[in-house]
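Colleague: Copying in the features that Swiss-Prot gives for the protein in this structure:
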DOMAIN    36-294  domain 'Protein kinase'
BINDING   Leu42, Gly43, Asp44, Gly45, Ala46, Phe47, Gly48, Lys49, Val50, Lys65  ATP binding site
ACT_SITE  Asp157  active site, proton acceptor
COMPBIAS  319-330  compositional bias 'Acidic residues'
REGION    319-479  region 'Disordered'
COMPBIAS  331-343  compositional bias 'Polar residues'
COMPBIAS  345-356  compositional bias 'Basic and acidic residues'
COMPBIAS  364-373  compositional bias 'Polar residues'
COMPBIAS  374-394  compositional bias 'Basic and acidic residues'
COMPBIAS  410-427  compositional bias 'Basic and acidic residues'
COMPBIAS  429-443  compositional bias 'Polar residues'
MOD_RES   Ser483  phosphoserine
MOD_RES   Ser487  phosphoserine
MOD_RES   Ser491  phosphoserine
COILED    583-723  coiled coil
COMPBIAS  785-800  compositional bias 'Basic and acidic residues'
REGION    785-804  region 'Disordered'
COILED    898-928  coiled coil
REGION    930-951  region 'Disordered'
Amino acid sequence: MAFANFRRILRLPNFEKKRLREYEHVRRDLDPNQVWEIIGELGDGAFGKVYKAKNKETGILAAAKVIETKNEEELEDYMVEIEILATCNHHFIVKLLGSYYWEGKLWIMIEFCPGGAVDAIMLELDRGLKEPEIRTICRQMLEGLTYLHSMKMIHRDLKAGNVLLTLDGDIKLADFGVSAKNVKTLQRRDSFIGTPYWMAPEVVMCETMKDAPYDYKADIWSLGITLIEMAQIEPPHHELNPMRVLLKIAKSEPPTLSSPSKWSPEFHNFLKTALDKNPETRPSAAQLLEHPFVKKVSGNKPLRDLVAEAKAEVLDEIEENGEVEEEEASDTPSSNKSVSQSALGEKDKHTGKEHVGNGIKAEPQNTDSQADIHSQKRNHEGKNYPEHNRHDAVNGKPDIIILNPVSSNHEPKRNSAAESYRNEEHGSAVSSNQRPKSSQSDRQSVELVPNGSFDSPTRYFTGWSKRDSDSGSNSASESMDISMNLSADLSINKETGSLSLRESRLHKKTLKRTRRFVVDGVEVSITTSKIIGDDEKKDEEMRFLRRQELRELRLLQKEEHRNQAQLTSKHSFQMEQMLRRFEQEMNSKRKFYDSELEALERHQKQQIERMEQEHALRRRDEARRIRTEQERDHVKFLEQLKLRKKELKAQVEKLPRQQRRDAMKVQMDDFAQKKHIEEQQFLNKQKEDLTLALRVIVLENRKEIYNKEREFLNKKQQLLRDREAVIWDLEERHLQERHQLVKQQLKDQYFLQRHELLRKHEKEQEQMQRYNQRMMEQLKLRQQQERARLPKNQKAEAKTRMTMFKKSLHISPSGSAAEQREKIKQFSLQEEKRQKAERLQQQQKHEHQLLEMQAECDCNVRDLLQMQNEKCHLLVEHETQKLKTLDEHHIQMIREWRENLRPRKKALEDELEHKKEEQEMFFRMNEEVAGHPFPSNKPAKFYSFSSPEAS
């Protein structure tokens with residue numbers, strides 16, 4: 001103790017405080033760089049980067065999650081993930097290969113999955129998954145979830161991005177960063193955590209109301225949303241802001257597939273069953289394993305084929321459309337449009353066939369060795385951004401799959417491979433023995449050229465490349481059918497002032513992508529074509545910004561979870577401290593009254609012993625005094641007897657001598673006999689008097705002791721009453737203090753919720769401001785491009801119109817040359833007026849667009865503020881209701897406590913009265929025993945009594 005004070009004075013470091021907490025699965029004594037070699041970067045997560053690592057000894061690959069921590073407290077946030085990974089041992093859950101904490105960085109080494117995440121595969125293939133693939137993934141996910149839930153764990157962040165694929169066609173559930181490890185299977189949680197689009201309604205409600213916690217069935221809802229995501233590339237409500245989607249989930253009906261006809265009834269029924277807003281009726285993972293949608297799934301061939309397609313070699317071929325020559329456009333007859341497009345389509349067909357043939361060595365003569373299969377078209381109804389829908393009309397359709405056997409041994413497998421890649425949307429496929437038809441019409445729909453341009457497109461080849469899905473690369477969307485009116489190529493929309501479809505395609509490129517891979521020994525080649533433009537960059541930018549928003553939300557959730565955990569820990573400590581103080585106060589009061597009772601009993605014992613000693617002395621003195629008096633009386637009595645004897649002798653002496661002797665003898669005998677009788681009677685009387693006197697003394701002593709015992713008993717009972725009264729007061733005060741503490745903790749809880757909600761609202765407003773600013777910038781950029789293109793287009797159109805006007809004058813001449821020049825001059829003036837009107841109309845349209853966009857942005861802000869105010873108001877209502885319920889519960893507890901206090905008081909008084917009766921009965925029995933002629937040797941209950949003189 002002295003050394004501690006000395007150390008405090010000298011401000012020496014406290015080594016006990018710096019003692020680091022040891023974790024079971026985290027090594028602090030080893031540099032991970034000595035064991036693992038970083039060979040690449042896989043991605044950037046919300047809390048750190050993920051690297052591809054290789055074990056220097058075993059060569060095992062791992063995904064290294066490297067997280068920088070500022071202090072030891074942050075390290076605690078990741079322990080649940082490490083413990084879950086270390087505890088779980090299942091075929092469909094990633095394994096923990098090791099974890100290290102070195103130089104302020106936490107390294108989590110996780111099993112590497114070469115197939116990558118499912119969402120990355122969908123972006124790479126630019127399509128959603130087919131139903132057989134979804135069935136297989138769903139089956140494996142359900143088995144993994146069944147194991148997780150049996151281990152009392154909730155994933156809480158199920159989505160396609162957290163489902164990894166191996167080369168063997170198996171899935172691995174990953175990312176347990178926000179998972180919960182429970183003590184009981186049915187344990188509920190109230191943390192608002194996860195990714196909004198995949199959140200269950202009961203999890204969403206926990207943002208403002210903690211009264212309805214959720215359990216493991218929240219994962220079932222996330223599973224259903226993940227299946228929709230895999231079918232449609234994006235989850236439901238993906239077009240909404242991550243914060244605003246929460247309100248949609250809570251208030252709207254469960255989502256469904258956007259194209260019901262594409263999917264089987266079993267799939268629809270499975271989603272309807274899993275996406276039940278009532279968690280009580282929502283089935284568990286084990287129950288869903290018996291659903292017809294996944295019950296008959298056997299094997300993982302669809303996933304093996306999917307991974308093979310995603311990991312295929314890719315040849316990207318970019319065709320850039322040239323500018324339109326104004327002179328050619330004006331001089332070319334309209335009848336040449338179809339000719340030019342047809343010729344170009346035939347040329348492109350041969351060009352494409354040449355490159356595909358070089359890539360896969362196709363033999364056109366062998367009709368049995370190739371098949372042309374149109375893969376399913378991507379559904380853009382739920383596309384993320386409205387700009388995509390504008391360009392759906394210019395995307396091409398053809399997807400070509402060419403199957404070539406690697407050797408003659410694989411000839412029987414051609415048909416099965418073709419069947420596995422049949423068109424899921426239409427339910428049909430071209431058989432392998434059919435000759436592919438000319439793709440001229442399809443190519444025409446893809447590679448349209450502007451009217452009047454006879455120049456062939458410039459081609460760019462990016463070459464074969466190996467694409468890893470886990471690298472997060474995004475590919476372009478598949479081609480779509482188009483229908484357009486070529487006669488409007490040179491026109492300008494009078495209503496909107498926008499450029500024609502032809503002009504919008506002048507600066508676009510056509511991407512033709514060929515994927516080549518092997519399935520069951522059969523080499524498969526898939527070719528897709530699409531029109532790409534600036535919107536591709538916009539889509540990628542919007543996707544990146546959306547991921548950034550989700551990352552910001554994830555960071556907010558993590559910090560909120562940490563603050564919530566700290567507050568919960570603080571509240572638990574406060575409650576434990578208060579209960580400990582209550583116990584100490586109670587024990588202190590009890591100890592005080594127990595010591596008072598002990599002191600009173602000691603004083604009682606001493607007092608009784610002193611009284612008994614005094615009584616013994618008094619009885620002995622009184623007995624001695626009585627005996628002394630009795631001895632004096634006895635001497636006097638003997639003296640009297642002697643006098644009587646002398647008198648008797650004197651009387652006998654008076655008799656004659658002859659009678660004197662006989663008379664003396666008779667008289668003496670008679671006197672001796674009387675003397676003996678009288679003396680015996682006298683002694684007996686003295687003895688009785690002594691016994692009576694001593695008995696009176698004993699009774700007086702006992703009465704005095706009884707009074708003293710009653711006095712002490714009253715004092716004891718008063719102490720007991722005081723002790724119980726103090727205990728009751730303490731109990732009531734403790735109930736009050738406990739209520740005040742719980743009430744204050746509830747206020748602190750809601751204060752933290754309001755604080756976190758305001759932080760979320762600030763982040764929402766910041767994101768909304770960025771979104772509105774981005775929309776305004778895009779609109780201004782588009783308007784600037786339109787303004788820049790308008791003069792050029794007007795010039796080209798004016799030249800064309802002037803040429804046509806001159807030709808009309810030349811065909812039907814009327815008037816002199818001067819009149820024709822005047823007409824041409826008037827036509828030029830009209831063209832200038834028309835162009836000026838077009839410019840004015842465009843300016844007005846742009847101003848109107850800006851006003852509309854500004855109004856839309858303001859409306860978005862108002863809607864956001866209204867939604868935020870509703871959340872705040874709802875939170876305040878919940879707090880008020882919770883406080884009211886808490887007060888009512890406290891009043892009820894006080895009422896019940898007081899009702900229970902009455903029988904406790906009555907029981908105490910009955911017990912005290914019973915003790916009084918026992919004491920009275922005890923002394924009454926002693927008095928009765930004392931009334932017998934023989935002395936009682938029965939020991940006293942309240943005091944000991946011994947008198948040698950009384951015996």
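Placed from the backbone N, Cα and C atoms, the Cβ positions cover glycine too.
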Colleague: Here are some recorded positions: Asp44, Asp157. Which one has the most Cβ atoms within 10 Å of its Cβ?
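Modeller: Neighbour-count leader: Asp157.
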Colleague: Are there any residues at least 6 positions away along the chain from Val50 (ATP binding site) with a Cβ closer than 8 Å to its Cβ? List them or say none.
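Modeller: In sequence order, the residues whose Cβ lies under 8 Å from that of Val50 (ATP binding site) (at least 6 apart) are Glu41, Leu42, Gly43, Asp44, Ala63, Ala64, Lys65, Val66.
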Colleague: Fill in the CA-CA distance, the residue listed as 'active site, proton acceptor' to Gly48 (ATP binding site), as an integer in Å.
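Modeller: Roughly 18 Å, rounded to the nearest whole number.
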Colleague: Across the region 'Disordered' (785-804), what are the DSSP residue counts per state (helix, strand, coil)?
Modeller: 20 helix, 0 strand, 0 coil
Colleague: Across the domain 'Protein kinase' (36-294), what does the pLDDT come to on average, as a whole number?
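Modeller: Mean pLDDT for the domain 'Protein kinase' (36-294): 87.
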Colleague: Which chain-mates of Gly48 (ATP binding site) that are at least 6 residues away have a CB under 8 A from its CB, listed by sequence?
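Modeller: Listed in sequence order: Lys65, Val66, Ile67, Glu68.
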Colleague: Is Asp157 (active site, proton acceptor) helix, strand or coil when read with DSSP?
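Modeller: The three-state answer is coil.
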Colleague: So how many other Cβ atoms are close to Leu42 (ATP binding site), meaning within 10 Å of its Cβ?
Modeller: 20
